[in-house]
Amino acid sequence: PWPGLRLPQHGVLLFSKWCLINSDVLNRGRLFVPEFTSSLSVSVAECSSGEASEGAGCSLLLRLGSATLQHGQTELNCSGVSCSASLSSPPWDSWLRVVVESNQVNRTVTFRVGSNYTGLTADDDITKLLGKSSVSNATATGNGSAPAPPASACVWSVPVLYEELDVLSLRYTPVNSSNVSVTETHPTLLTYPLPPQATGGTLNLQLTVPKAVVRLPFPQSTTWYLTLQLLCNSSDCGNASVVYVVPEVSVSACVDDCGPYGECRLLRSYTYLYSACVCSAGWKGWGCTDGSTAQSYARQLTATMLLTLSNLFFLPAIVVAIRRSYITEAFVYLFTMSFSTFYHACDQPGAVVLCIMDYDALQYCDFLGSICSIWVTILCMARLGDTAKYTLFLLGALLIAMSMQLDRKGLWNLLGPILCAILLMVTSWVYRGVRRRHCYPPSWRRWVFYLLPGALCALIGVCLYIFAETESNYYYTHSLWHILVASCVVFLLPPREKDRKAWRWSWRPRVCGYTLCESSKDELYTVT
């Protein structure tokens, strides 16, 4: 159904004159390689130096390289008037670098550079079309080894179109039909041009009949060729002289979207965009399909239960804060407990996952609540006035929210608010101690039974969070962090101020328009 394409026989020898003048060390050029080129040669002729005697030639270094740095270069030292360098199986439809370097300093060197390419002939085998690529035999079960395809000077060229679906996503489709006819006499050639912006993905090739799958990560930006030919055990294929194959060629960001145990991420290095799979739950591999080190379901469930249920240790802190009339602080602890629980339920890899909202929003609220809890607790210990305390509450929350947006996992986002709050607390305690001429807090029981245990819990928790927490022990070290931080709040919250009334539920029911009053009895004593 497609016309035969006759391969070119020989190229034309073209010359251009180059010149290296005085301080110029090398001269660069480029050469285009057409399709179906079996070999390429570059010649240097009529080389002469202005200071050298006529006919003595000159000393040049000829480099014939490829379009990319992945292939080696052919180097040749030219000491005479002319020389030639050849390159077999050059990449088709691409530009090659040609570099001529002179060993003579401060001399004018003139020479002529010519190129010549040789195309495939009728005596060439089809394997020459593949160059240095691999040949894959996709045969049915029981066919045994098939003989090499016969030599042919013609191929069936099938035009292919491609459609850009998304970032790092291309789909190639043959023009006439998705079915491609493959015969024994002539190979079928399909051409797949790959643009540079799609080299950060994976080139996928899948054949339906027979079954074959090939995946090439980070393919080179060039023209890729797919050659199909029918191979038979005997000299005659019989009724199977023509078969129809559906080649599905595409470019995707990740292999099968990294499967159920991975996440496909787009990464950027300067202007180069590429993709990679981030595997979870111990899975690994290019497409997160290697389960040799995968975590069991029981271990995933244990990690999720530890990280979520450890947040319930904030309940005693909330009760203590309410009983001591620290209502604002109690709501901050409630916020932290709730979002930390849901964040860690959504953060777990594998099958044990529960996300009530966007993962990024849950992570932001968890980090914000954790640092704000530490901030309000230490400021509450400073015993500032209500105006100063709530002003610092709001100012600190705004600054912490800004820093979380800039660098959510930065170390100073945790240490910065802690150090500032401790500085304010120490300043307030020193001021009260100097004013009263007594150590503050004045009770030794407060120091021994509350402040020292609370400070010890906080110190151990911070050390675990900064120094001991790794990816392998995350689920139990971070659970200890939850427990220690929530426990230190119970110890560090100061007692209720003497002039502050205890908070209680003050609603009184109304019956038929009358308010039910409490019955109370005041006893009067007469002092004589």
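Keep in mind that glycine also has a Cβ here, set from the backbone N, Cα and C atoms.
So that you can see what the record holds, here are the features copied from TrEMBL:
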- 277-288: domain 'EGF-like' (DOMAIN)
- 301-319: transmembrane segment (TRANSMEM)
- 326-345: transmembrane segment (TRANSMEM)
- 361-381: transmembrane segment (TRANSMEM)
- 388-406: transmembrane segment (TRANSMEM)
- 412-431: transmembrane segment (TRANSMEM)
- 447-468: transmembrane segment (TRANSMEM)
- 474-494: transmembrane segment (TRANSMEM)
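Among residues of the same chain six or more beyond the transmembrane segment (388-406), those with a C-beta under 8 A of the stretch's C-beta atoms are 328, 364, 367-368, 371-372, 375-376, 379-380, 382, 413, 416-417, 420-421, 424. Contacts between the transmembrane segment (361-381) and the transmembrane segment (474-494): present, as 3 or more C-beta pairs lie under 8 angstroms, all at sequence separation of six or more. Tertiary neighbourhood of the transmembrane segment (326-345): same-chain residues 304, 307-308, 311-312, 314-315, 317-318, 353-357, 362-363, 365-366, 369-370, 372-373, 376-377, 380, 390, 393, 478, 482, 486, 489, 493, 503, selected by CB-CB distance under 8 Å and a gap of 6+ residues from either end. In the predicted model, residues of the domain 'EGF-like' (277-288) average a pLDDT of 87.
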